[in-house]
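Straight from TrEMBL, the features:
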SIGNAL    C:1-25  signal peptide
BINDING   C:THR102, C:ASP176, C:GLU201, C:LYS231, C:ASP235  substrate binding site
DOMAIN    C:236-397  domain 'S-adenosyl-L-homocysteine hydrolase NAD binding'
BINDING   C:GLY267, C:GLU268, C:VAL269, C:GLY270, C:LYS271, C:GLY272, C:GLU288, C:ASN391  NAD(+) binding site
There are 4 protein chains.
Amino acid sequence: QGTAPCGVGAIQVFLSSFLSFLALAASYTDSSDDEVSPREKQQTNSKGSSNFCVKNIKQAEFGRREIEIAEQDMSALISLRKRAQGEKPLAGAKIVGCTHITAQTAVLIETLCALGAQCRWSACNIYSTQNEVAAALAEAGVAVFAWKGESEDDFWWCIDRCVNMDGWQANMILDDGGDLTHWVYKKYPNVFKKIRGIVEESVTGVHRLYQLSKAGKLCVPAMNVNDSVTKQKFDNLYCCRESILDGLKRTTDVMFGGKQVVVCGYGEVGKGCCAALKALGAIVYITEIDPICALQACMDGFRVVKLNEVIRQVDVVITCTGNKNVVTREHLDRMKNSCIVCNMGHSNTEIDVTSLRTPELTWERVRSQVDHVIWPDGKRVVLLAEGRLLNLSCSTVPTFVLSITATTQALALIELYNAPEGRYKQDVYLLPKKMDEYVASLHLPSFDAHLTELTDDQAKYLGLNKNGPFKPNYYR
Amino acid sequence: QGTAPCGVGAIQVFLSSFLSFLALAASYTDSSDDEVSPREKQQTNSKGSSNFCVKNIKQAEFGRREIEIAEQDMSALISLRKRAQGEKPLAGAKIVGCTHITAQTAVLIETLCALGAQCRWSACNIYSTQNEVAAALAEAGVAVFAWKGESEDDFWWCIDRCVNMDGWQANMILDDGGDLTHWVYKKYPNVFKKIRGIVEESVTGVHRLYQLSKAGKLCVPAMNVNDSVTKQKFDNLYCCRESILDGLKRTTDVMFGGKQVVVCGYGEVGKGCCAALKALGAIVYITEIDPICALQACMDGFRVVKLNEVIRQVDVVITCTGNKNVVTREHLDRMKNSCIVCNMGHSNTEIDVTSLRTPELTWERVRSQVDHVIWPDGKRVVLLAEGRLLNLSCSTVPTFVLSITATTQALALIELYNAPEGRYKQDVYLLPKKMDEYVASLHLPSFDAHLTELTDDQAKYLGLNKNGPFKPNYYR
Amino acid sequence: QGTAPCGVGAIQVFLSSFLSFLALAASYTDSSDDEVSPREKQQTNSKGSSNFCVKNIKQAEFGRREIEIAEQDMSALISLRKRAQGEKPLAGAKIVGCTHITAQTAVLIETLCALGAQCRWSACNIYSTQNEVAAALAEAGVAVFAWKGESEDDFWWCIDRCVNMDGWQANMILDDGGDLTHWVYKKYPNVFKKIRGIVEESVTGVHRLYQLSKAGKLCVPAMNVNDSVTKQKFDNLYCCRESILDGLKRTTDVMFGGKQVVVCGYGEVGKGCCAALKALGAIVYITEIDPICALQACMDGFRVVKLNEVIRQVDVVITCTGNKNVVTREHLDRMKNSCIVCNMGHSNTEIDVTSLRTPELTWERVRSQVDHVIWPDGKRVVLLAEGRLLNLSCSTVPTFVLSITATTQALALIELYNAPEGRYKQDVYLLPKKMDEYVASLHLPSFDAHLTELTDDQAKYLGLNKNGPFKPNYYR
Amino acid sequence: QGTAPCGVGAIQVFLSSFLSFLALAASYTDSSDDEVSPREKQQTNSKGSSNFCVKNIKQAEFGRREIEIAEQDMSALISLRKRAQGEKPLAGAKIVGCTHITAQTAVLIETLCALGAQCRWSACNIYSTQNEVAAALAEAGVAVFAWKGESEDDFWWCIDRCVNMDGWQANMILDDGGDLTHWVYKKYPNVFKKIRGIVEESVTGVHRLYQLSKAGKLCVPAMNVNDSVTKQKFDNLYCCRESILDGLKRTTDVMFGGKQVVVCGYGEVGKGCCAALKALGAIVYITEIDPICALQACMDGFRVVKLNEVIRQVDVVITCTGNKNVVTREHLDRMKNSCIVCNMGHSNTEIDVTSLRTPELTWERVRSQVDHVIWPDGKRVVLLAEGRLLNLSCSTVPTFVLSITATTQALALIELYNAPEGRYKQDVYLLPKKMDEYVASLHLPSFDAHLTELTDDQAKYLGLNKNGPFKPNYYR
């Protein structure tokens, strides 16, 4: 379903939950009950409600602890809750949601509830649900339908259970990947027509919305959260700066100092990777197709080369292009022994992994997410995550970054729900710059950062409102 | 006239010429003839032409050397000359130009000539002409009317001499600041109507063009070179990264290591300054009004503060806001002894210098561009360039950066001159992204950078033409 | 036993093995036989030898793979093997060793064998043995006596089995921590007297040797490998630069960008930590007692403060002092919620952890190596590794760094074994600078680095031998 | 005379004064009196004294301003003056000095006077005297004998006038280069014998002292200030980090971003240069003869190459080796057009400039300190300062750095003058570590840095005195 944009994107929550799961598995696994499908279980929470379907409601307490930990790094949402204690800007909102279900989304969902909304929730990925978090949500009264390891059939069943409920009709959609939106659009056209707004955060989901809009079939205003400034900057540049080191270290324990690395692509993702690697003492080469990015790479102190020029000498190859077949079998054949190959770009097409699945090459799984591909002469190439996103598979995403996305989603919902008739037509909208700025401002206290305010005189001189927006809408 | 945008802008050529002038003054000053106005002199070049007006045609050889040195860092223009040796894309073009007249613009002008154009040129600033370069241009047959130290009357006389010539009617305008454009528009409306295109590079000039366009009086297509991607990135981020150190060092010999610096404004200019200062061991604080930039500053490792919080402790204050009265008298009163104050923003309003011109404060000029302002208790504040642009006044701009702007201007002229009827209406245009990319690509050989080409398959996958443009038009 | 110096020291191998163990545990655990002590088992390797005592000889193949992976990053030792293929510089050497038993030490031990030595080996730490590696060594014919989870009695039994063997008398000692040396000195004084050299790499072991020497009881030349230049530089500055990020990330998933961090101590360890944290966007403060280091911190762009000045505002506290009670209960009381506290210094005394074990505070273990200490008002302090060395407990040490130490140990053994009578007296020696340089040169090919050779003329001018040493002996 | 060590050394004051001179020349040049030798002039200061010989006593006021500016960055000396207001630790000291005479040395000299000493002073270099500063000293009552542009005969005459005075016999020497010491030793052996201490700061002077000592002819204790820790660290690493950028920029206006630079030598000087260049976006290669430094370069992220491998591609070549003929004619022949070549090492031998003075090459002086050497095919190599020290010739040294050296000199004088009989023999001594630390601590207030004090308990634990020294004597 929902696929991530270049960078870490929303789907990365997957990993976070995956790792947490691993770390905590021992405490809550109840293997005896692993065999039974949640759909067949009878469960009630402590208040007697059965309006949910999760793996094991007994894990609720454990999940609550995870949510509390997440809350500590999501103070923007907590402060939203506080500001909206009096007025409930989402009073009356009936939100149906479909996202990864993790501690971080739980903080979002509970914030929406605190703002007055009723929520029904399913998972946008069959593997990414943190079962104990789902349990905690269910215990707290959220109608959540999700577990780790759903079948395809389970997946749609869960979505349907969210939408199809007697006496409750959704008027808002929060989606990640577009599956929920598509389901409502197809199966419940009457519900769809009365939706007041859709908030979508994935590249794929946004793409689907634009297509619907183009085809004249989008009868609801939708907000494209994916392309908001703060999300782009944080999810790509800053987040990759952190996760490239982490992903490489956790999988290979490689020493960065003195390593020769080639990074394919010098967009925001590539820039983040390069900054971190250079800072830790690696010697970084860039490949680029775009002369403007190439010129930036030059000015930033990187040699811009063709992959062939350096492929024999480099210790690490990282793809960040959004393109396909950037690293071909021919390149792989020429790499030196022990060369590490991984992908930080948008999908698993950048490295031609398929070309490695041939009889003359031996694959050896040496660690989780780490394969040695062995040539007949003994040369080994170290392939990470089978060419899938490294930061999705082998590192974590800081809760703080997820907080920015979640806050943006919450604000987009509030805006669409409360917008006066006519402000939004049946189209896909970018977040107004002012709201982007508001999201940013909510995250400044974490850094103890103090904004300066314009004087009246200065605002007049600049032709700006003292409260923003400070940037033109085309700024990114 | 033309004022520079945040960053270094075109007008900075001024300094470059100024310093060169100083350095070289001894060799060519001919004081006996300093008194006579060029307008009253009779001069002919070695081919017998008098179709120019410069300070002293005898300085031509010296100016030629300066031009040759500049050519070494402007290989993009040189390669343009080579590519256009067969076809002359500007054959028939009659260009009237008004820019700073320096070694770098000379390389541009001579490139335009090599591409087939006839050129007549004046200066956009009464102080910025490098006399020996003007002489070299005149000797080479360019009709140049400019000298260092023109009066206001001289200034308009020179412009008029460029436009008003029997038997020669301009069909293209290259302007920096909008004065030439305005003069043609007002005085020669019939010429103006037949102009095929205007290329303008300054903020001010572009502003004037948009106003003209809004008023429905722009009857000619115009190209806004100022907002091209390469110019913005290079003139601001990268150029300031280099010039802030140079400007501070040349004026004050300050040691950067361990200095506490507050930078007001974290746009591209501020980002460039901060990167350089941090790299050299300074401790940098940021002030910002915009939460998005503030959040970037946080993630980049700078504390975001209000000016008042740090004003007592900092060693250096740098303004990069584009705003006015950012540093007020109150701030100046609270600074510690020896604090250095300077401006890298867009004009001399950022520091309230006027407030320092009061009887109780003593000004002491300690070096060129360096004043000590002395409080009654003996405290000294070190004010650079009287609050004017530091990098304009006290450092140089690398020829390489000027090459990018000059190449962009040349390409814009070619595009407008050769565009098929109807491609450009009577409006102000941004440079097409593809041309931005072309300018960038012409500068890559200087770095020995090698671009990667898309395969057909990849281009199809990405939905791109193999030759670009690679970026959407809204990219910046 | 052997404790690590500031930095990562030898004992860190512990972690490496620990993590590998975790990662690989599933594959080789044979739980049915876990109960029986290896001392009571009858095991023979495939050649019929029983001259060893390990957990499970059947794990040999698995361990061999680990050793092979390690060999890839220890090319210096492999090249030593090659260079010594003809002459066997350790022919006749009978080495008794006591170190961590990991894939990396296995590469060392097998190198010693390849150089002609006979080896008997025990573990210097009861927890740090990689069982499968020990099995692989045993299978390859090395007399190894070690397993993970020895009792104190087992520990000394294993050491004794190495030394006390009929018909085989050790003439060289390789020790890490000094326990083996002490055992031979006390129990087998006659063997001790005939030892030709001791090589010791730990701070503790070296300290014991100096004491013995002072007391006039050291009747054997000993080499202090701990204080060699390459080891110091790599184990401290460079290694900590890598491991501080890794250790923090693996335990807390903390985002570095914008975090306020105080690092106590700006020696080599502190310098490494600060460089990495600053590079990733953290704002770093330093505390120092030594004005020279403090001045370096200033010049490197860090504010030097007293801990009290910043303790309320920082997000992370890292100790690197080698001192005790640097972070006191009073400091801990004043930290803000979620503050992370950890130690990169030489022992677990730097943070006063004991002071936290009081009834009013609640400890919550949230992950392996991560405790939340909770104050009555709900404030949580995140304590890593209970104040023990972070990089020992929560990150890995690159094999490349271990290679430097292992190569140094091998060379020290060769030097002592082959030194002409009289070169070394009954004293503790530092590695000759020339050998330090040789170790460095063996590691340059990994970086494809090419040394320049002095011409005869230049060597003469500098008063140096063309082959080094290039540095005075006092250089460090 | 006195030549500088690797790094910036004391002699660099030369440049500082030179530039100041240029900048200020207009204000005080009195050309009519330039022709007369100061030795032939009759001058008296305002108190009627004629006990000096300077260019022009009338320049005193102007020089006083320069001294006052310098005092602002030399607060360590000012605080020394304050601490010694009561006791005069140099009461009775009769110091004869021979150093560069600049604003910074003037602050030192006047500090010595404030501490109770009587001073007579000459210049250690015939060009480096700031005339107006000498005038200010004379006006203030210091017996100074020095002017810019002395002849060789003048030079020794001035030195002699300092030593040879009726009724005044020097008991301390402060020397820079060893000429004064040599003069006293040769001409006034009876004075020499009674000297209580010599303080010498130059490499050359120290070398001469060690020779004298070796020959058994040094009958006076001498302090080697050159090798103190603070001086080494500041004069080399930190100072070069700042001056390499400044020197290149002032001479060539080169843009650093994307430039390929090879730095020969990765000692402290090379490390400083590389750090700065890399930080500003240059791509830096290293050549090294020493494997330890080479390995550090690798870990710091630089490729280690032989000069030949990169000589065709680099834009800048910088020598920092202390060796000779590092850049040969052969290398120069292979450089690309516009390559910049300069020297940051210890003398003008590193680049084989002599080899360029051949008929087939044309030299063109394009700016002060900048020559274009032109090959027959038109290729130009840009040679800076004719291969002499770049930072001495083309940049300034921050006063703060000079303050460290000056403070060290003052303390060394106090120590030698007050040391109890027997503490110092007739030998050359390094500054005690504790004094090094004291110098450092005197400079911390400039950075508002706050040292932490050891508790009694901690001091005991570390085996240190609470007041230092904190480092072993062998630390550097």
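Yeah, the Cβs are placed from backbone N, Cα and C, and that goes for glycine too.
On the structure: features taken from TrEMBL.
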residue  : record                 : Cβ within 10 Å
C:THR102 : substrate binding site : 28
C:GLU201 : substrate binding site : 28
C:ASP235 : substrate binding site : 29
C:GLY267 : NAD(+) binding site    : 21
C:GLU268 : NAD(+) binding site    : 21
C:VAL269 : NAD(+) binding site    : 30
C:GLY270 : NAD(+) binding site    : 31
C:LYS271 : NAD(+) binding site    : 23
C:GLY272 : NAD(+) binding site    : 27
C:ASN391 : NAD(+) binding site    : 29
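Residue pair C:GLU288 (NAD(+) binding site) / C:ASP176 (substrate binding site) shows a Cα separation of 31 Å. When the binding-site residues C:THR102, C:ASP176, C:GLU201, C:LYS231, C:ASP235 are screened for a Cα within 10 A of the Cα of C:GLU268 (NAD(+) binding site), the ones that qualify are C:ASP235. Taking 8 Å as the upper bound (exclusive) on CB-CB distance to chain D, the binding-site residues C:ASP176, C:GLY267, C:LYS271, C:GLU288, C:ASN391 give C:GLU288 in sequence order.
According to its DSSP assignment, C:LYS231 (substrate binding site) is helical. All protein chains shown were included, and the count of other CB atoms within 10 Å of the CB of C:ASP176 (substrate binding site) stands at 31. Of all the binding-site residues in the list C:THR102, C:GLU201, C:ASP235, the shortest Cα-Cα distance to C:GLY267 (NAD(+) binding site) is found for C:ASP235. You'll find the Cα of C:GLU201 (substrate binding site) roughly 18 Å from the Cα of C:VAL269 (NAD(+) binding site).
Taking the C-alpha positions, the distance from C:VAL269 (NAD(+) binding site) to C:ASP235 (substrate binding site) comes to 9 Å.
DSSP assigns C:GLU268 (NAD(+) binding site) to a helical segment in the three-state reduction. Summarised as a single figure, the pLDDT of the domain 'S-adenosyl-L-homocysteine hydrolase NAD binding' (C:236-397) averages 93. Under 8 Å, Cβ to Cβ, and six or more positions away along its own chain, C:LYS231 (substrate binding site) finds C:GLU201, C:VAL225, C:ILE404, C:THR405, C:THR408. Of all the binding-site residues in the list C:GLY270, C:LYS271, C:GLY272, C:ASN391, the shortest Cα-Cα distance to C:ASP176 (substrate binding site) is found for C:ASN391.
Spanning the residues C:THR102, C:ASP176, C:GLU201, C:LYS231, C:ASP235 that the record associates with binding substrate, the maximal Cα-Cα distance equals 19 Å. The 10 Å shell around the Cβ of C:GLU288 (NAD(+) binding site) contains 29 further Cβ atoms across the protein chains shown. Reported as a whole number, the C-alpha separation between C:GLY272 (NAD(+) binding site) and C:THR102 (substrate binding site) equals 26 Å. C:THR102 (substrate binding site) sits 29 Å from C:LYS271 (NAD(+) binding site), taking the CA atoms of both as reference points. C:GLU288 (NAD(+) binding site) falls outside any helix or strand according to DSSP and counts as coil. Residues C:GLY267, C:GLU268, C:VAL269, C:GLY270, C:LYS271, C:GLY272, C:GLU288, C:ASN391 are listed as the NAD(+) binders, and the farthest two of them sit 21 Å apart at their Cα atoms. A separation of roughly 12 Å, to the nearest angstrom, links the Cα atoms of C:GLY270 (NAD(+) binding site) and C:ASP235 (substrate binding site).
The CA atom of C:ASN391 (NAD(+) binding site) is located 11 Å away from the CA atom of C:ASP235 (substrate binding site).
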